[in-house]
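To keep things clear, I will list the structure first and then write my remarks on it.
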Amino acid sequence: MQLNSTEISELIKKRIAQFNVVSEAQSTGTIVSVSDGVIRIHGLADVMQGEMIALPGNRYAIALNLERDSVGAVVMGPYADLAEGMEVKCTGRILEVPVGRGLLGRVVNTLGQPIDGKGEIDNDGFSPIEVIAPGVIDRQSVDQPVQTGYKAVDSMVPIGRGQRELIIGDRQTGKTALAIDAIINQRDSGIKCIYVAIGQKASTISNVVRKLEEHGALQNTIVVVASASESAALQYLAPYAGCAMGEYFRDRGEDALIVYDDLSKQAVAYRQISLLLRRPPGREAYPGDVFYLHSRLLERAARVNADYVERFTNGAVKGQTGSLTALPIIETQAGDVSAFVPTNVISITDGQIFLETSFFNAGIRPAVNPGISVSRVGGSAQTKLVKKLAGGIRTALAQYRELAAFAQFASDLDDATRKQLSHGQKVTELLKQKQFEPMSVAQLGLSLAAAEFGYLDDVEVERVGSFESNLLAYANANYAEFMKDLSKSGDFNDTIKAKLIEILDSFKKNSAW
């Protein structure tokens, strides 16, 4: 067979033309040690801080320690089958979670994967869990209220949209109950809610989800779960994931409320990771950046102005401000608010609601201590009605506590002191409230008016509770339209004052309480 050199060269040219090199540069490394969910990797010269590292078995780790000759990373999920010598790869991606309206009514894990058995989630895209908080120029002052439905909170420590209000207290003082009631009260307010459960028992979380469903609040709530059985990495990242889901609504000119339950457990998870990564421990064995852990999270809760929203949505939403309100929860040990993490979070937030064990055990629930509970910015967000009528409540309670301490030692008291003590007792009784019974603005206003205008003076302390419940039932039955309008407007003027007095007079005359 005669080979023609021209044909051969043509054939070679054709082959060369068809030759296609598809090569992809990948940074790979090798696991050198595995211990308690933390892996050390040799190689990965191009890895970024916080980057996702692909592991065998469709799992990921997050790079946290970038050292001279190795990388320390935390595994997202089970790690028992990882071993030395396994190959890992850089992904070039930062951890992202699904965001959007499709998440409302769903229970998801830290990675945004559904765990409620209701099928796939129809999300609107993905968002990185670590985002820089809006700057000063993009923010607007807090001047709209978030009604929790609790008399003690809405009257004395009001919360505004875009505020960070800490709920702090020992275990079993009603911290979660307060936060869950605040979520339930947003059923008809248009505020979307995110509940982040960190390091809690699965049975407790399922109970919370059931209660939200029973009260019709789950449909506008996202529940993010990193239970006690999850790895420390997932517990540490859960609040950031929940925050990214809340920012979706904030940046589109809507209002959202996020509850972190609780950040003490997140700090403990972060401490565990840091110690395993051999970072130097500081006070209470926490790492040096534990303040930054919480500050970068809570600074993302803000009220953003209309320009920011318009810019973010490329002009699709105009003239609307957005907000993300945060209710972080911190658990104290034996009422010690001067411990490391509590003082950090108190200094970051715009006020705190302090729940006291002695109040709770005495039957004062919610167990809010009005003496050291404050709201630094919420006052400007209070409705006119509550602002005008709640002024005397805090003063009455402060005077009552002071006098009650002295009254223990005094044998005879003058009439003025006796009157103040009696009024203080009645106000304390009035502020008691059962769980899952949030109050409307009008109901709150009417209760406060009864205390402010002296209608409780001739009511015995034991009868204050029944007096109030009968008064509210009477008002809802006979003045339904007025109560509805008042809840909507939250206004206060001479006409409204006269109407409230008319309701109280009429009730006192006609009703057997």
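Glycine is no exception: its Cβ is also placed from the backbone N, Cα and C atoms.
According to Swiss-Prot, the protein carries these features:
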BINDING   Gly169, Asp170, Arg171, Gln172, Thr173, Gly174, Lys175, Thr176  ATP binding site
SITE      Ser373  site 'Required for activity'
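Cβ-based crowding with a 10 Å cutoff singles out Gly169 as the top-ranked of the binding-site residues Gly169, Gly174. Considering only the binding-site residues Arg171, Lys175, the Cβ with the fewest other Cβ atoms within 10 Å is that of Arg171. Close to Asp170 (ATP binding site) in the fold, though at least 6 residues off in sequence, lie Glu331, Thr332, Gln333, Ala334, Gly335, Leu355, Thr357, each with a CB less than 8 Å from its CB. Counting other Cβ atoms within 10 Å of each Cβ, the recorded positions Gln172, Thr173, Thr176, Ser373 show the lowest value at Gln172. A gap of 17 Å separates the Cα atoms of Arg171 (ATP binding site) and Ser373 (site 'Required for activity'). When Cα-Cα distances from Ser373 (site 'Required for activity') are compared across the binding-site residues Gly169, Gln172, Thr173, Lys175, Thr176, the shortest belongs to Gly169. The Cβ centroid of Gly169, Asp170, Arg171, Gln172, Thr173, Gly174, Lys175, Thr176 marks the ATP site; residues of that chain outside this set whose Cβ lies within 8 Å of it are Glu331, Leu355, Thr357, Phe360, Ala367, given in sequence order.
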